[in-house]
Amino acid sequence: MLGPQIWASMRQGLSRGLSRNVKGKKVDIAGIYPPVTTPFTATAEVDYGKLEENLNRLATFPFRGFVVQGSTGEFPFLTSLERLEVVSRVRQAIPKDKFLIAGSGCESTQATVEMTVSMAQVGADVAMVVTPCYYRGRMSSAALIHHYTKVADVSPIPVVLYSVPANTGLELPVDAVVTLSQHPNIIGLKDSGGDVTRIGLIVHKTSKQDFQVLAGSAGFLLASYAVGAVGGICGLANVLGAQVCQLERLCLTGQWEAAQELQHRLIEPNTAVTRRFGIPGLKKTMDWFGYYGGPCRAPLQELSPTEEEALRLDFSNNGWL
């Protein structure tokens, strides 16, 4: 049974054609997006009140939109109903002119199709689909092209590919990205791998398509802009939103020396809340910066005192605390 909040959002989505975007029409997704965390109570329930509080503060920054139910949102630990409810609540909380990109990836193609359609119905403007990875040994380019094509064929909203090899152990091959860029309902890629050469190559090889690449981390945002990326989905923007948006402005206006200086000061904090300490580190930092971070869902554990001190140093040594 779907909850009343979700049914209400579905009715609203159906009344507006499921999305502000028209299927098959390319949309401009350039800009900075924070991948929103999922707040939990002490009993591991989703805390929708704290979610709204965080969103209200994040909405004061010049983000292009918000990414919900990505890796930072702990989506593998949420039920399907919770994933939809979170997206529904975010849609209601954020300004109407902000894009809502929702993670809809599942392991099977059928489940991904169903989740993508449901995400559109509760208010998502764009679906972000992570690579299926449990059977990664059989996830060839052909298998992945088939998967994404089936999803994009049915999806009522545009699709963004999502490659995050640090979590999946699988990098979406360049040849697959190039092929998929030709699909009229696939508009871009979030690449979290950190290989700027790869990002530049993808931008180059998809230049004849209306295809956009978003950097998946603030740590290589400047370099990504330099090779043709149009924005970033950056976990660090949850705590240093103004600074990440400033880096975007510096890059877009060609102020490369100032951009380089700022980028240097973001690298260590970014690494700390991504690869080094992950979501527990990001949530702890959110608590320090006046947001609600709170606990993660098990099996993710809180930081040890030693880890917490190291995290604090990564921010204080760069002038952020």
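Along the chain as shown, the residues are counted starting at 1.
Glycine residues also receive a Cβ, built from the backbone N, Cα and C atoms like all the rest.
These come from Swiss-Prot:
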- Lys190: active site, schiff-base intermediate with substrate (ACT_SITE)
- Ser71, Thr72, Ser192, Gly216: substrate binding site (BINDING)
- 1-23: transit peptide (TRANSIT)
DSSP-derived structure type at Lys190 (active site, schiff-base intermediate with substrate), helix or strand or else coil: strand
Gly216 (substrate binding site), number of other Cβ atoms within 10 Å: 29
For the substrate site built from Ser71, Thr72, Ser192, Gly216, further residues of that chain with CB within 8 A of the site's CB center: Pro35, Gly70, Tyr162, Val164, Asn167, Lys190, Ser217, Ile233, Gly235, Thr274
Entry from the binding-site residues list Ser71, Thr72, Ser192 having the most other CB atoms no farther than 10 A: Ser192
Separation of alpha carbons, Ser71 (substrate binding site) and Lys190 (active site, schiff-base intermediate with substrate) (Å): 12
Local Cβ density at Lys190 (active site, schiff-base intermediate with substrate) - other Cβ atoms counted within 10 Å: 30
